[in-house]
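Peer 1: OK, TrEMBL features for this one:
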{"type": "COMPBIAS", "residues": "94-110", "note": "compositional bias 'Pro residues'"}
{"type": "DOMAIN", "residues": "3-83", "note": "domain 'SoxA A3'"}
{"type": "DOMAIN", "residues": "117-460", "note": "domain 'FAD dependent oxidoreductase'"}
{"type": "REGION", "residues": "91-113", "note": "region 'Disordered'"}
Amino acid sequence: MARTVLCACEDVTLEEVRRAFAEGHRDLESVKRYTGFGTGPCQGKSCLAAVAGELLRLGATPAEIAPFTARPPLQPTPLALLATADPGALPLDPGVPPPAAGPRPRPQGGPLPERARVVIVGGGIMGLGLAYQLCRRGERDVLVLEAGYLNAGASGRNGGGVRAQWSTPTMIRLARRSLALCRSFAADMGVNVWFRPGGYLFLAPTAEQVARLERNAALHRAHGLATRVIDPEEAARIVPELDRRRFLAASWNPDDGVVFPWPFLWGYASRAAALGARIRTFTRVTGFEREGRRLTAVRTDAGRVTCEVVVNAAGAWSKEVAALAGVPLPNRPTRHEILVTEPLKPWLGPLVSVLGNGLYFSQSQRGELVGGMGDPDEPEGVVSGSTLRFLSRFARAALECVPRLAGVKVVRQWAGCYDVTPDNNPVLGAAGFDNFLQLSGFVGHGFMMAPAVTEAMAAWMTGGEEDEIFRRFTLARFERGETAREDFIIG
Ligand SMILES: Cc1cc2nc3c(=O)[nH]c(=O)nc-3n(C[C@H](O)[C@H](O)[C@H](O)COP(=O)(O)OP(=O)(O)OC[C@H]3O[C@@H](n4cnc5c(N)ncnc54)[C@H](O)[C@@H]3O)c2cc1C
């Protein structure tokens, strides 16, 4: 049978684009994620117009085929070349601006219902995971409202790291549960999430960081983890390419891992929908109606829905959504940039992270290096443009760690937002109104926390056991000064 290839880099055919559309991925961004077109070395230069044209023919509207954000580098560029740019001389600007606002894609998923018992604002991993878990427990009257496409927020832009190496018993417990759920996700949900248990290797360049890793490792072992603090020689047996002069010791847990984020959302969404949840994309929440201590309805750009419970799962936009109800959250959205290189032969087992500068990288199932690094000077704001400053900072830090990467070319970069709270712990439970539940503030680890946290939250919401996190991580803790800072954050 003839194959018409639309994206030569990623070998995506006309047939696959048509199938994606038939399965409900109507807009260009969703089709890009579902098929992988436009993610290869040419960055859509050869396929964007062809796929957009086909979607138009299939019935997409012009707003649904708005081109995806153009980002540097213009062509695959070696890390060594990027490292020659002086990051200090490069601006921390918003980066490549998003395309000018035009007509918005039509709401997708069906007409907006007049009422729903539980309305979840935000269709990221938190919102969709909660919808699925609620439905599993028999709460079927659930509506998820997502302003964009699935995977539009941080859940579609992250590094996919899932680790149990944390610094408090609570985080270790949640992460272990998430790791167990990640392991069985593909079988349970019928979607391949490329879970790779290659371990996490934290490198400590200073004696102070080594002491911290040793304290953590003792806690980990007390909670049943296999974490060990190892010397540079042993670390170099796990990753021989590491420059062992750059660190004094490393923390190693072979049971941590990495997943491919996008299919998690598709898995949760399709299973939740099969159990009765309604998911409406391109439907933005614009306000709330209230009566006394309760929210009674959610207003959207597609109409109004009366409800009994509202969950704020809007990630970096949670502060903005809470403000629509007059509830101030202390969350600070902050951009975090990330990149991907050309594919290499398999050489890297674990996700490697360097304490101090926040560098991390892992190798994807397709062989690409996926890595990010926070910028301490990044100001608060929902910004998702890409900068040359990040490329040069990342390149310098990565080459210090693994000099042999010098010739490896960066193919693509993107950005999302961390949803940062003052103590790096989430905001959970009711806030402002008795039926306005928060599920936000997951900084740079919400993806790995979502499977466990949404399971616990659904149990609590349906009359089951109340996990201690719903008492400890309330908004009121900030007023009471009962915060315990989580400081084992990457980036
Ligand atoms: C570059 C990067 C790397 C990361 N790496 C990791 C990692 O390795 N491991 C890890 O565990 N975590 C990582 N994270 C963090 C993780 O991605 C987030 O914590 C997690 O995805 C948050 O999920 P969420 O569902 O709360 O938010 P999101 O996925 O952002 O979803 C919120 C959704 O709400 C929608 N929304 C906003 N406003 C409205 C509105 N008014 N009405 C309706 N919908 C609205 C948005 O469109 C969005 O889709 C990383 C984050 C970034 C940015």
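Including glycine, each Cβ sits where the backbone N, Cα and C put it.
Just so you know, TrEMBL annotations never went through curation; they're auto-generated.
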Peer 1: Restricting to the domain 'SoxA A3' (3-83), what is the model's mean pLDDT?
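Peer 2: When the pLDDT values over the domain 'SoxA A3' (3-83) are averaged, the result is 94.
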Peer 1: Take the region 'Disordered' (91-113) and count its residues per DSSP category (helix H/G/I, strand E/B, coil), listing them in that order.
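Peer 2: Per-class counts: 0 helix, 1 strand, 22 coil.
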Peer 1: Could you give me three numbers for the domain 'SoxA A3' (3-83), the DSSP helix, strand and coil residue counts?
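Peer 2: Helix (H, G, I), strand (E, B), coil: 36 helix, 7 strand, 38 coil.
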